[in-house]
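Everything on this sheet refers to the single structure shown next.
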Amino acid sequence: MGEHPSPGPAVAACAEAERIEELEPEAEERLPAAPEDHWKVLFDQFDPGNTGYISTGKFRSLLESHSSKLDPHKREVLLALADSHADGQIGYQDFVSLMSNKRSNSFRQAILQGNRRLSSKALLEEKGLSLSQRLIRHVAYETLPREIDRKWYYDSYTCCPPPWFMITVTLLEVAFFLYNGVSLGQFVLQVTHPRYLKNSLVYHPQLRAQVWRYLTYIFMHAGIEHLGLNVVLQLLVGVPLEMVHGATRIGLVYVAGVVAGSLAVSVADMTAPVVGSSGGVYALVSAHLANIVMNWSGMKCQFKLLRMAVALICMSMEFGRAVWLRFHPSAYPPCPHPSFVAHLGGVAVGITLGVVVLRNYEQRLQDQSLWWIFVAMYTVFVLFAVFWNIFAYTLLDLKLPPPP
């Protein structure tokens, strides 16, 4: 998963090493060859004229000779690419992509065009799978709308690395909550405790120059009722998404939602503090739900309409709780209770940057024009919010609550 999946099993490593040693007897005196150099040695055996191309027939012969070493779905994908080349040739870069599982837009298009070999039974029809294989298949059907992507993910996923980002963030949030609960002697509606806002992790408008608070507020929650839903959504939605798209991409969407949430509060609800990870959570969940809607016919997860309704109800209940708390009489006047605007900032990130990430499984984001459009929009918003925080509070002569 991620940008560079681990090399596939198309050619056994030992057999490949023996070929390289035979063709390059002085290899021991040089530095180890890069993986692409290994593939070049194998490619040249089928391209004696050094034309840079091999025939699809030779490529199919290579696959047939190593069929016992191939995952069945991987073999389908490779044959699909071979069948898609109308000129009957495969270039070296496509060959490297095939053998190392590196995929590009042109690579995906070629695979999708070679659909004759992809008409075999779907993953759902596979029998005799182990528990881990069923889990991987379940994650594939929960998150990916195309059968070719589901098969590719099923064959490529190795759980190395595991979904560490969402699990680590969740454990830290729970740990900070328990620590605060013990120190304050309060677990429900912790935010009403007089000493709650004194924590250096909370975003407070009077302390907005302390830039770490725009991010660290996610480790503080209003109470167990606030933490509970965020943790459940992070584990049920965030972890599967990270298993498919990788920690870098999902972490990017999550952190972008968190920062957008606090900046949105500093612009739209200028006197309120911010706590909770709802900005990041709503970014991931909104992106996931939007991706399901945009690929409705392709998504094969069970009871998707009912589950979407449940997710929307839970998100609405949490948002309603945040709105109620914001306008509830404050326990520490004149400072109001935490804002709900961070939720909206997270949704905005989810339906823009998040959707682009989820719709481009293992594709280069920098090749997507929408990606750059949304990155530009996000950058403009961040710069606007920074200038707003520097100048607007003074120009508006806003009376802020005293620092905690």
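Glycine too: its Cβ is placed from the backbone N, Cα and C atoms.
Listed in Swiss-Prot for this protein:
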ACT_SITE  Ser278  active site, nucleophile
ACT_SITE  His343  active site
DOMAIN    34-69  domain 'EF-hand 1'
DOMAIN    70-105  domain 'EF-hand 2'
TRANSMEM  164-184  transmembrane segment
TRANSMEM  218-238  transmembrane segment
TRANSMEM  250-270  transmembrane segment
TRANSMEM  274-294  transmembrane segment
TRANSMEM  303-325  transmembrane segment
TRANSMEM  338-358  transmembrane segment
TRANSMEM  371-391  transmembrane segment
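Ser278 (active site, nucleophile) sits 6 Å from the residue listed as 'active site', taking the C-alpha atoms as the reference points.
Relative to the transmembrane segment (338-358), the listed stretch 274-294 leads the set 164-184, 250-270, 274-294, 371-391 in CB pairs under 8 A.
Beyond the transmembrane segment (164-184), the same-chain residues lying 6 or more positions past its ends with a Cβ under 8 Å from any Cβ of the stretch are 190, 193, 195-196, 199, 201, 218-221, 224, 227, 230-231, 234-235, 238-239, 242, 247, 250-251, 254, 277, 280. Taking a C-beta cut-off of under 8 Å and a sequence gap of six or more, the residue listed as 'active site' has these contacts in its own chain: Gly261, Ser278, Gly279, Tyr282, Glu318, Phe319, Ala322.
Same-chain neighbours of the transmembrane segment (218-238): 163, 166-167, 169-170, 172-174, 176-177, 180-181, 187-191, 196, 199, 201-202, 250, 254, 258, 275-281, 284-285, 288, 311, 314, 317-318, 321-322, 325, 337-338, counting only residues six or more beyond its ends whose CB sits under 8 Å from a CB of the stretch. Taking the Cβ of the residue listed as 'active site, nucleophile' as centre and 10 Å as the limit, one finds 32 other Cβ atoms among all the protein chains shown. DSSP assigns Ser278 (active site, nucleophile) to a helix.
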